[in-house]
Structure formats: structure tokens, C-alpha cells
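Look at TrEMBL and you will find 21-361 tagged as domain 'Acyltransferase 3'. According to TrEMBL, the transmembrane segment annotation covers 12-32, 44-62, 82-100, 127-149, 161-180, 186-207, 219-239, 254-271, 292-314, 341-366.
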Amino acid sequence: MELTKNANIQTVNYQFKILYAFGIIFIVAGHTNYNGGIAFLDNWFIPYAFHVGLFAFASGYFYKRTHQSNIMVYIKKKFTHLIIPLFIWNIFYGVLVYALRFKGFTIGGDFTIENLLLTPITTGHQFAYNLAGWFVIPLFIIEVCNIVFRKILEKLKMENEFLIFALYLIAGLCGAWLSMNGYNSGWLLVLARTLYLLPFFALGLLYHSKLEKIDKIPNIIYFAIVFILQLGVITKYGGTVTYSASWCNDFDNIYMPFVVGILGIAFWLRVSRILVPVLKDSKCMNYIANNTFSIMIHQFLGFMFVKFLFSLGYKYFSLFPNFDWIEYKTNIFYFYLPQGIVQYTILYLIAGIMIPLVIAYIVGFVKKQLKNKLKKN
């Protein structure tokens, strides 16, 4: 949780809490193939075009220059909070995949050293159930490179937010060019992903330090500008535009991935501000926002829980006659919908959020108990 300290008062940034909650809901909904049975204005702003960039933007927003006073402490903190949990849960899912092999499931890769240690870095899709965790490695690389680069600029007395944004944007454009030309596989995919996310991280830095204080445009004018620009993109391309951040394999030019990403972020950033009076006291919203890492990692376990319930109905009660047992055991992206009704996808969306929240609660409870025991000893 990010806190802004002023004297003895601590103020929670609820606008970004809501933005985080929106972002993770968009990601989970997108992975259900049908946006969770809910249209999030996706005829204008397709979540896939911006939801990962949104998290990079928020990470940049919460970066503090004071971190540069001790780079190693900052890197250690990021490593502890991001990388260690990523690999611990990767082992968990590796064991789960191995165990499910005995039940006829073929989802996920083999339990190997490569899939335990290397593939989480290169693709992140090794065990399927935790494939959304691919985002963690590029984000960590950005966090580390950013603080080191800024420290160098600080020493050279050249630390300027507009300069940093320009340089990061150029790097992102170069990354898009590399992806367009086929340099987006293996270890180069790590580079492609990192360079794609870098401009969004830089925009968060710039927004926090320079733009937020002048972001006073009335809502009607603000939304009019965003929608007009988005309509221009839709007109040019004959429809909405989206790109795959996870594989960086569908870029058709070097700038449009960032244009549509920034427009989507701009829209939901203002929506989040408007909703602060309504949602700031929502325990549900705050809990979702505080546990986005858990939701990112465990959402597919939630999906599988719903499919498991459908499988029980199919196997023991002769319900759901169209349930595909083979797809259930072989395809992580198989989503059974009774009678093909898309609105049933909302069950996957709810479970994809709730199961990870339960896991987060259990992990938090266990950590608390262990800390209490250590204190007593």
C-alpha cells in the first residue's frame, strides 16, 4: 500500500487503488476469452491494449527519488517482494502440474530444472496455471535499470523527468521495431517485453512529478479529447486496436502500441478519480487493489476451480452434457459455458479473483503466525 506522508497524517492514494483494482480485473477478464461476460467499454478501449501498461504506469508513479540514496536496499526490497514469491509459486505450480499428470491432465510443462529456473524468466508460461506471472520479470528489470540509470543521471546533474521520458520512449520504439523484425523469441522476448513496458513506466514517473499537478481539465473536456483521439485511431484502422504484450508478436508499427495504451490508461485514470468518493471506503475494492500480485499469479487456479465444479456436475449428476472432458484436461484456455451462454463467463471472473484473494489471506495469516512465534522465541 502506497502512503503519502504529510506531517503525522497518512493519506492513501485511492485514485490509484481503484486504478489497480480496475487493471487486475481487466487482466482476469481478458484471460476468460469473453471479458468475464462484461463489456468494459471494449468497443472503445480494449483492455488488452493497455492493462499491462497500466501496471507499469502505476509502478512508475509510485517510484520515489529518495530510493536513490541506497540503491541496494531498493533492489533487495524489489527482489524480495517480486522475484522470490514468483519462484516459490512456480515450484508450487510445478508440483501441482506433476501431480495432476496422474489424473490425466496434460496442461503445463514438465517438472524440470529449466522450467523451474529459466523459463520463468524467458516466457513465464512453463506451467500454464501461473502464466500471467510473466509480467513480473520485465517489471523487475525496469525497476532495477531505472534506479541505476537515474543515479547515473543524478551524478551527472542531468536528472530531468522529460529527458528520462523521452529516452525511455525512444527505447520503447526501438523495442517495437525489434519485435516487428522478429527479435522477440527466447531471451530476446525478455528484452522486447521490457522495452514495451518501459515508456508506460516512464509516463508514470512523468505524471507523478510533472503532469498530475496540472491535470485539472474538466471531465467533459478531458473525455472529449480522449474519445476524439481514440475515434481517430478506430477510423484509421477500421476498428479498435490491440496488441499482445506477452509475446510482442503482432506489432504493425512502432508507435501505435503506445498510443492505444496511453489512451486506455488516460481514460481509466480519470474514471478512477471520479469514483474515489464512491469506492474509497469499499473493503472489497481495497482488498483487490492490495493483492494484485496474488490475483495475477493465481487467477487460472480460480478458473480451474469453476471447471472442476462443472466436471463434478457432468460426471456424477449427468449435468452439463456439452462439457468437454478432454479439453478440460488438456487446454488451460478451455472455458465451459452452459448452453454456450457467454454471460456465464462471469463465474470465471469472480473465481479468478476470489480464489487468489483466499490464497493471499491464508499466506498473510501464516506469515503473521510465524512472525508472532519468532517474536516470542
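Note: Cβ is positioned from N, Cα and C throughout, glycine not excepted.
Note that TrEMBL annotation is computational and uncurated.
Segment contact holds for the transmembrane segment (44-62) and the transmembrane segment (127-149), given three or more CB pairs below 8 angstroms at sequence separation of 6 or more.
For the transmembrane segment (12-32), the list of distant contacts is 1-4, 38, 40, 47-48, 51-52, 54-55, 58, 61-62, 132, 268-269, 271-273, 275-276, 279-280, 285-286, 288-289, 292, 295-296, 299-300, 302-303, 333, 335, 345, 348-349, 352-353: same-chain residues at least six beyond its ends, Cβ to Cβ under 8 Å.
In this chain, the transmembrane segment (161-180) lies close to the transmembrane segment (254-271): three or more C-beta pairs between them fall below 8 angstroms, excluding pairs fewer than 6 positions apart.
Counting only same-chain residues 6+ beyond the ends of the transmembrane segment (292-314), those with a CB under 8 A from a CB of the stretch are 20-21, 23-24, 27-28, 31-32, 55, 82, 85-86, 89, 128-133, 135-136, 320-321, 323, 325, 328, 332, 334-336, 338, 347-348, 351-357, 359-360, 363. Sequence-distant contacts of the transmembrane segment (219-239), counting only residues of its own chain at least 6 positions beyond either end whose CB sits under 8 Å from a CB of the stretch, comprise 44-45, 256, 259-260, 263, 266-267, 270, 274. Beyond its flanks by at least six residues, the transmembrane segment (186-207) meets 52-54, 56-63, 121-123, 134, 137-139, 141-142, 146, 161-162, 164-165, 168-169, 171-172, 174-176, 178-179, 215, 245-248, 257-258, 261-262, 265 of its own chain at Cβ-Cβ distances under 8 Å.
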